[in-house]
Amino acid sequence: MATHGIHGNLIEVTVVSCNKLKDTEWISRQDPYVCVEYGSAKSRTRTCTDGGKNPTFQEKFVYTLIEGLRELIVNVWNSNTIKHDSFIGSGKVQLEKALSQGFDDSLWPLQSKTGRKSRLFDAQISVCRHAGEVRLIIHYTKANKPATSHGPAAQPYGAPQASPYSQPPPHPSVSYPPPASAAPYPQPGGYPPPSSYPSYPPNSSGYPPAPYPPQAAPYGQPYPPNPAYPPQPYGSQYPPPGNPYPGPYPPPY
């Protein structure tokens, strides 16, 4: 994909870590750091103390793109407190994938050059050796990424829409009765026809209808008067107290 018109845009580069670096220390663990160059812009990570062969950085840098320049240069060094820093390795990082797709997370090889004297020509020659890897995450927000759609294509207006569901075929050994036709609705404005059931027969017994039972007496009717005792004659008293039986008590048999 063409990546024209990148001049002046910003690109983000995150130095994540290094793997299997060449060890430049004989006694202690080395303290690596990474330098990134893009054109005249240069950046340096912090020193990963005692990082050894697998240091971790997680540092982000932002660069202004230059038309026609599509690579970074990465150098890895070992920090020394007494003598000069020791060179570990360098590499070139291509930006084509990040500029076209907007994202790139890759490992880039590092190489170191060592001098050796040639026996044939009696001259000093340089030999490149593998010095480890560096991991970079690159973001470019203005990449012209193609629009991708995972949904079904839209049909033109007015075209019949096909149903995504289909009726399963009937089983050959099972037959279903045909559906019963729906009963027609009654005509509007008319009453339903009379019922075809016969009415109850009239009362065939010859007895006249029995009258209702007599009503009970209403409440509030007084009870019949209680029979009074026969009046006693005026001046009558109870018999005087005393032994009603003459003679000695108890009477002889």
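Glycine too: its Cβ is placed from the backbone N, Cα and C atoms.
Look at TrEMBL and you will find 1-109 tagged as domain 'C2'. As a whole-number mean, the pLDDT of the domain 'C2' (1-109) in this prediction is 93.
Here TrEMBL flags 144-253 as region 'Disordered'.
Annotation source TrEMBL lists compositional bias 'Low complexity' at 151-165.
TrEMBL lists 166-201 (among others) with the feature compositional bias 'Pro residues'.
Look at TrEMBL and you will find 208-253 (among others) tagged as compositional bias 'Pro residues'.
Each residue in the domain 'C2' (1-109) gets a DSSP state, and the totals come to 6 helix, 54 strand, 49 coil.
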